[in-house]
Amino acid sequence: MKIGQIRQSLSGFYDVYADGQLYRTRARGNFRKRKLTPLVGDQVEFDSTTPQEGYILKLLDRQTELVRPPVANVNLAIVVTATTKQEFSTNLLDRQLVALEVAGIEPVIYMAKTDLLDDETYTAREQLATAYRKIGYQVIIERQAFTAPALAAVKAALAGHIAVVMGQTGAGKSTLLNHLQPGLDLATGEISQALNRGKHTTRKVSLIEVADGLVADTPGFSSYEVFDIQANELTHFFPEFVRLSVDCKYRGCVHINEPHCAVKAALAADDVLASRYDNYLQFYETIKNKKVIYNKKK
Ligand SMILES: Nc1nc2c(ncn2[C@@H]2O[C@H](COP(=O)(O)OP(=O)(O)OP(=O)(O)O)[C@@H](O)[C@H]2O)c(=O)[nH]1
Ligand SMILES: [Zn+2]
């Protein structure tokens with residue numbers, strides 16, 4: 001019996017990495033009775049006679065589990081954020097951050113395409129980066145694209161982690177990965193194509209070694225699952241609100257209509273980003289409205 005990590009899944013085969021090599025395996029353990037499917041990223045116990053043939057016997061406990069992409073034990077997300085005026089949206093960024101907070105995955109924000117910005121827009125993005133750092137998020141931003149310090153920062157963040165790369169189509173995910181790992185040669189635009197194909201056919205999912213970490217070759221971590229939480233829980237996923245809310249007068253304050261709310265006081269004092277608060281309100285309403293629609297249907 002060996003212990004290894006699933007690095008790729010394709011059509012019922014799982015390639016398990018152990019002692020410096022890959023073993024092609026199939027699933028046979030009694031976890032199948034419990035309807036557990038092995039996921040890329042899983043640590044497993046397996047048997048094998050040759051590297052071409054082996055059987056997974058047992059799945060070890062997972063720390064996290066994603067559905068899209070189907071990867072276990074992801075603990076880092078590189079949030080590739082295109083910064084151009086046409087593409088940039090704090091709303092999307094905050095939605096991604098909330099989704100990651102809900103999933104228990106640490107975000108690293110990578111500000112892409114800064115070379116296309118005029119100085120004024122770049123300064124605005126830099127100020128925003130500072131504000132997000134104040135919240136507690138790591139933000140990587142450089143005046144030019146793919147500078148050595150920016151790439152070194154991403155590599156340092158990846159070390160020892162299993163990561164997904166998030167970002168809307170065209171944000172620059174493949175381009176960033178190619179700069180991190182020049183041999184990778186991902187066609188730009190390729191990642192989302194893989195994702196779209198995946199909707200209809202069995203999808204290959206793999207973890208690729210990038211710097212000293214592993215990165216899922218399929219992005220697509222959906223930020224829409226944000227809206228599966230309860231509206232009154234949303235505040236827990238805004239770290240700056242969590243810190244401030246100890247000073248809200250009412251327990252369970254959702255920082256909307258309550259008097260003596262520390263979050264609203266901080267907002268008035270410019271200590272909370274207005275865009276974060278606006279996005280919070282919008283997500284809150286979306287969740288409320290969605291619940292109503294859902295209940296009506298039932
Ligand atoms: N100027 C500039 N162009 C960039 C940068 N990053 C990406 N691009 C360009 O933006 C386009 C989209 O980049 P991709 O890396 O394919 O984006 P992606 O997020 O992988 O897109 P999908 O695979 O469709 O999800 C390509 O033409 C890239 O060359 C950057 O930092 N600066
Ligand atoms: Zn409050």
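Backbone N, Cα and C atoms are what each Cβ position is placed from, and that goes for glycine too.
For the domain 'CP-type G' (63-224), the model's average pLDDT works out to 88. Among the features that TrEMBL reports, domain 'CP-type G' is placed at 63-224.
What TrEMBL records for 72-222 is domain 'EngC GTPase'.
Feature annotation from TrEMBL assigns GTP binding site to Ala112, Lys113, Thr114, Asp115, Gly167, Gln168, Thr169, Gly170, Ala171, Gly172, Lys173, Ser174, Thr175. In the three-state DSSP scheme, Gly167 (GTP binding site) falls into the coil class. Gly167 (GTP binding site) has a Cβ environment of 25 other Cβ atoms inside 10 Å.
Residues annotated as Zn(2+) binding site in TrEMBL: Cys248, Cys253, His255, Cys261. Cys253 (Zn(2+) binding site) carries neither a helix nor a strand DSSP state and counts as coil.
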Sparsest-packed among the binding-site residues, when each Cβ's other Cβ atoms within 10 Å are tallied, from Thr114, Thr169, Thr175:
Thr169
DSSP three-state call for Lys173 (GTP binding site): helix, strand or coil?
helix
If one looks at the chain holding Cys248 (Zn(2+) binding site), which residues at least 6 apart in sequence have a CB under 8 angstroms from its CB?
His255, Glu258, His260, Cys261, Ala262, Val263
Near the Zn(2+) site, what residues other than Cys248, Cys253, His255, Cys261 in the same chain have a C-beta no further than 8 Å from the centroid of the listed C-beta atoms?
Leu244, Ser245, Lys249, Tyr250, Val254, Ile256, Glu258, His260, Ala262, Val263, Lys264
Can you check which residue among the binding-site residues Lys173, His255 has the largest number of Cβ atoms within 10 Å of its own?
Lys173
